[in-house]
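Annotated features, as they stand in TrEMBL:
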- 260-280: region 'Disordered' (REGION)
- 65-97: repeat 'ANK' (REPEAT)
- 98-130: repeat 'ANK' (REPEAT)
- 131-163: repeat 'ANK' (REPEAT)
- 162-194: repeat 'ANK' (REPEAT)
- 199-231: repeat 'ANK' (REPEAT)
- 232-264: repeat 'ANK' (REPEAT)
Amino acid sequence: MEEDNLFDEVFRPTPRRSRPLSVILSNPRENGVKEFLDAVQEGHLDDAKVIFEVKKIDPNASLRGGETALHTCTANGQLEFCKFLLEVGSNVNQKDGRLKIPLHLACSNGHLDIVKVLVQGGSSLGDIDKLGRSPLLWATAGGFVEVVKFLLEAGAPAKSNRNWHALHEACKVGSVELVQILINAGAPVNNPQQYSGGAPWSPLHIAVRHGNLDCIKVLIRAGANVNSINAGGHTPLHEAAYRGYEDTIKMLLLHGANHRAASNQRRTPLHEACMQGTSH
């Protein structure tokens with residue numbers, strides 16, 4: 001019975017493979033890399049293991065985009081195959097064409113079990129991809145609280161040395177829980193980072209811009225400067241006035257925001273409100 005099952009498996013076509021697996025395996029001129037990666041992508045992991053073993057595939061083999069099998073199965077949530085690949089020598093820190101390591105993909109998809117396996121396997125916690133984003137930042141962007149907690153406990157830096165911190169991202173997505181977690185982990189509430197063409201925006205600017213009042217409250221309690229300015233000289237109050245966020249305006253004024261502050265264009269928050277037709 002087992003032999004019959006093996007026969008069926010070897011000769012079963014997959015959506016990406018029109019020829020029987022036996023033909024691929026028996027042809028010495030085919031290295032099997034594409035078929036191996038296709039099998040992983042399609043989730044045919046038994047096929048992938050057969051091709052890997054018979055064709056002696058390099059576990060770090062990739063095609064044009066630079067993604068290895070480990071990149072693919074971490075993105076797809078294939079935990080057991082991730083373990084298999086790590087056991088046979090996959091490089092846990094190999095970068096694809098977007099400079100992403102497998103941990104970036106596991107974090108951006110919220111696969112906590114795979115994140116744990118990768119970190120235990122030696123994955124870098126602070127690696128930056130082509131967009132300047134760390135695994136922690138990707139987990140924050142997805143709102144994956146447990147992944148963020150695990151990364152911080154494992155030693156991931158709460159502060160990035162590039163253009164965008166995880167705290168900025170938490171303020172953007174409006175997760176009060178993540179904002180508090182990151183602040184508790186040492187993320188600076190007053191550290192301006194590049195945003196929108198290079199202008200330095202504080203986390204408070206970002207929370208105001210996206211109308212996340214509860215995040216604003218947490219930031220202010222943590223010591224955020226309500227009169228911080230970006231490269232255009234705009235304070236959070238300018239931003240709130242520009243967007244007509246009445247509750248945010250009241251909150252900022254209550255905590256000492258300067259309603260007379262002038263931007264580089266000599267506009268006060270009142271000017272911004274009037275220019276947008278806001279009567280608040």
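Numbers run from 1 along the shown chain.
Positions of Cβ are set from backbone N, Cα and C atoms, glycine also.
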- Within the same chain, the residues 6 or more beyond the ends of the repeat 'ANK' (65-97) and with Cβ under 8 Å of it are 36-37, 40-41, 43, 45, 48-49, 52, 59, 103, 105-106, 108-109, 111, 113-114, 117-118, 121-124, 127, 129
- Message: What residues elsewhere in the chain lie close to the repeat 'ANK' (98-130), defined as a C-beta under 8 angstroms and at least 6 residues from its ends?
- Response: 66, 68, 70-71, 74-75, 77, 79, 82-83, 86, 92, 136, 138-139, 141-142, 144, 146-147, 150-151, 154-157, 160, 162
- Pull the DSSP breakdown for the repeat 'ANK' (232-264) and write it out as helix, strand, coil residue counts. 17 helix, 0 strand, 16 coil
- Query: Reported in the order helix, strand, coil, what are the DSSP residue counts of the repeat 'ANK' (65-97)?
  - Reply: 17 helix, 0 strand, 16 coil
